[in-house]
Structure formats: structure tokens, C-alpha cells
């Protein structure tokens, strides 16, 4: 990979990993509501799911030309529905002011999000088909870059969770407003899947 292509790869992956999306918003919300330690299950579920999705993207990238567009469209609708469900859960979750502390979303729920998270699927397919496959079709490179993509994505999730933890007091003071803003951002993510 040339230095220019490598620079473009790092720019694309880091910007994509750090911008708002379902995972980052969920990580922020979970750490704000429950603290970083209690959110590790959420982060672990996201990380494992992310890795598996990136490995699946490696396989998909090899056969993009034969993928049925209807299947991709159905995946988009499933992803949008799940993201809207997450938005509803965040918007209606109790805040500290409500006197209740709901449990953080489970490992398996955050794991399942990855399989309908269109942002990370497009992230993986785009990175692999743009930066890796034109250079090499060696399976070791494709799998290695898939693992790297999952690590970069996990880094973004942890950064957002740390922000939620560090600003927990402020975010808890304005918990209801924050939950609504985060829910609206998730709805925006769901709408952006189609437009």
C-alpha cells in the first residue's frame, strides 16, 4: 500500500470510527447512565460483534458483484428498525432524577446490534473493497485488516464511553435532555441509512 493510500485508509477509518453512530451513542449513553465499569459488558458485546461483522465483511467484499440488492435493502430496514428501537430505549430510560437505575443494555443486545448496524457494515465493506482488495486478495491481509478495523471501531466506542464517564455528573444533571438528544441522533442515523 502506498503512503498516500495508507494515509487515506487511516483518515477514513479513524473519522468513521469517531463520528456518531449507533455504537458510539450507545456507549456514551451507557457510560453516562451506569459508569464505565458497568458499561464494559456493553462494550464487550459491541467489540465481539464488531469483529465478527468485519470478518463477514471480508467474505462479502469478495462477492459484492453477486450480492442480491434486495438482501442489502432488507438489511438496511432491519438495521433502521433496531436503531429506532435503541433510540426508544434511550429516550424512555430512567434518569437518576427519576429515582430508578435501569440495568445497562446486555452483552447480547449490544452484540446483536452489530449485525444490523449498517454503518459498520458499510465501514468494513468500503475499507476492504477500496483500500485492501485492489492491492491484494491474500486472505491473510484481508483477515488482518478486518481485525484492525474492529480494533479501530472498538477504540471509537471506548472513547465515547470514556466521554460519558468523564462528563457523567453533567450528563446526569441533564439526563432527560441528553437521552432525548441521543435518541434523536439515533433516529437521524436510522434515516440516513436511506437518504
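Cβ from N, Cα, C; glycine included.
Membrane topology as recorded by Swiss-Prot puts residue 141 and residue 174 on two different faces.
Mean per-residue pLDDT, taken over the topological domain 'Cytoplasmic' (91-104), amounts to 65. 8-28 is the stretch from 8-28, 105-125, 177-194 with the greatest number of Cβ pairs below 8 Å to the transmembrane segment (142-162). Residues 23, 90, 93, 95, 101-111, 113-114, 154, 157-158, 160-165, 167-168, 171-172, 175, 178-179, 182 of the same chain, all 6+ positions outside the topological domain 'Cytoplasmic' (29-46), place their C-beta atoms under 8 angstroms from a C-beta of that stretch.
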